[in-house]
Amino acid sequence: MSSKTPYQVLCVCLGNICRSPTAEAVLRHLCDAENLNVMIDSAGTSNYHPGKAPDSRSQQHAKKRGYDLSALRARQLQTQDFKKFDLILAMDYENLDNIQHLMHRAQQEFGAAALRAEVALMSQHDCNFPEQEVPDPYYGGSEGFEHVLDQCESSSRAWVEIIKMKLEAKV
Ligand code: 4NP
């Protein structure tokens, strides 16, 4: 990878309207603050809400912390994503399982050598939420949306340190 090629991260949840757009905005904010050459996107394992903006509750809670989710639009994870992205982050264990199943399909479709994605749990390096799921807030109250933000901020800080090391190793 040349130093001009961005490191590409994809945040993934079920619907791509609550957790993964929040993770996308938080991780982007932290990477931008450190001037890291990183490109971030998000997707859902389901196709429940294609083209839809993030849930209004996610948008409102994020806005209070300075994150603007309004321009983001939902899309479904696809096999091509395993060729494009360096790192795919699952919000929970069910997402992780579904991502890994789709990765097997991508291997059959393109061959293992064509894939670049490392698949991990959002909280993998987070000492505050060690290997914990980011709980789905969709059917709950406002505290669930605040918790998603707390966890995304904490886990993104941990990933920024890992991504910095990955970028330094590739210069
Ligand atoms: P997300 O939350 O996976 O964090 O985007 C959900 C959004 C929608 C649904 C479930 C979870 N749904 O069932 O429509």
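Residue numbers in this text run from 1 along the chain shown.
Here the Cβ of each residue, glycine as well, is placed from N, Cα and C on the backbone.
Database features (TrEMBL):
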| type | residues | note |
| --- | --- | --- |
| ACT_SITE | Cys13 | active site, nucleophile |
| ACT_SITE | Arg19 | active site |
| ACT_SITE | Asp136 | active site, proton donor |
| DOMAIN | 7-162 | domain 'Phosphotyrosine protein phosphatase I' |
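Everything TrEMBL records as a feature, shown here on the structure.
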residue	record	DSSP (3 states)
Cys13	active site, nucleophile	strand
Arg19	active site	helix
Asp136	active site, proton donor	coil
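Ranking the active-site residues Arg19, Asp136 by the number of CB atoms within 10 A of their own CB puts Arg19 at the top. Close to Cys13 (active site, nucleophile) in the fold, though at least 6 residues off in sequence, lie Arg19, Ser20, Ala23, Ser42, Gly44, Thr45, Ala90, Met91, Asp92, Asn95, Val134, Asp136, each with a CB less than 8 Å from its CB.
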